[in-house]
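A.B. asks: Before anything else, here's the structure in question.
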Amino acid sequence: MRKIIIAGNWKMYKTQAEALEFVQVFKSKIEDTDESREIVLCAPFTDLGAMSKNLHGSRIKLGAQNVHWEEAGAYTGEISGAMLTEIGVSYVIVGHSERRQYFGDTDETVNLRVLAAQKYGLIPILCVGESKSQRDAGETEKIIINQLKRDLVDVDQNKLVIAYEPIWAIGTGDTCESSEANRVIGIIREQLTNKNVSIQYGGSVKPGNIDEIMKQSEIDGALVGGASLNPADFAQIVNYK
């Protein structure tokens, strides 16, 4: 049985005070949300400790946005899996296109991060997707299959979430047609040994398109960027019909 997982990726937004204010408002808007839907908030590192205390006993799971592959060491500015699990983090985004584009993540380092996350009991949300030029060149399928091949070496697919995020649709307002997202996610599923991995769509998800996205047979949730910053908008997404 594939689990529905809706995750908000706050990126580099929200101070601790803003995060706690969000949680207070958001909690009140999801009291009647279908219990089978997993709700995750992936917040900046500085928010996680305070949010963990605030979310204790609630149905909302806490997620981080990155994790280093080493347990400890002279890696200035990095955070390990052990540090995240200690403060109650359950999920971690790995391989987001912004990490690949701006911070030099490769399929090899993404694979190390996924393995480290699993080692410390975190569920990685592995992001894969093609750029505009790759899509225009008809390379979508090839690019994604290659990413998966490299990113999933030795990975336990029973403790994994995948997010298909077409890079050209992130933060641009351009949403991939839901039928096309469904087709690509079907291709992703074909590459997996565990066909029950939850696969999300990410890329300009908002209250106005979530119903259509979630009607698709292959799509098991969403990785939501900008629209997750507003508690009313994110609640609408979580409460899709």
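The backbone N, Cα and C atoms fix where each Cβ goes, and this holds for glycine too.
From Swiss-Prot, for reference:
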type: BINDING; residues: ASN9, TRP10, LYS11, GLY171, SER204, GLY225, GLY226; note: substrate binding site
type: ACT_SITE; residues: HIS96; note: active site, electrophile
type: ACT_SITE; residues: GLU165; note: active site, proton acceptor
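Can you tell me where each of these features sits in the structure?
C.D. replies: All protein chains shown were included, and the count of other CB atoms within 10 Å of the CB of GLY226 (substrate binding site) stands at 18.
Cβ-based neighbour count (10 Å, all protein chains) for HIS96 (active site, electrophile) stands at 28.
For GLU165 (active site, proton acceptor), the count of additional Cβ atoms within 10 Å of its Cβ stands at 27 [all protein chains shown].
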A.B. asks: Looking at the recorded positions TRP10, GLU165, SER204, GLY225, GLY226, which ones sit with their CA no more than 10 Å from the CA of HIS96 (active site, electrophile)?
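C.D. replies: So far as Cα distances go, the recorded positions lying within 10 Å of HIS96 (active site, electrophile) are GLU165.
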A.B. asks: Centre the Cβ atoms of ASN9, TRP10, LYS11, GLY171, SER204, GLY225, GLY226, go out 8 Å, and tell me which other residues of that chain have a Cβ in range of the substrate site.
C.D. replies: ILE170, VAL224, ALA227, SER228, LEU229
A.B. asks: Taking the Cβ of GLY171 (substrate binding site) as reference, which residues of that chain separated by at least 6 in sequence fall under 8 Å from it?
C.D. replies: SER204, GLY225, GLY226
A.B. asks: Are there residues of the same chain, six or more positions away from LYS11 (substrate binding site), whose CB falls under 8 angstroms from its CB, and which are they?
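C.D. replies: Long-range Cβ contacts: PRO44, GLN65, GLU98, GLY225.
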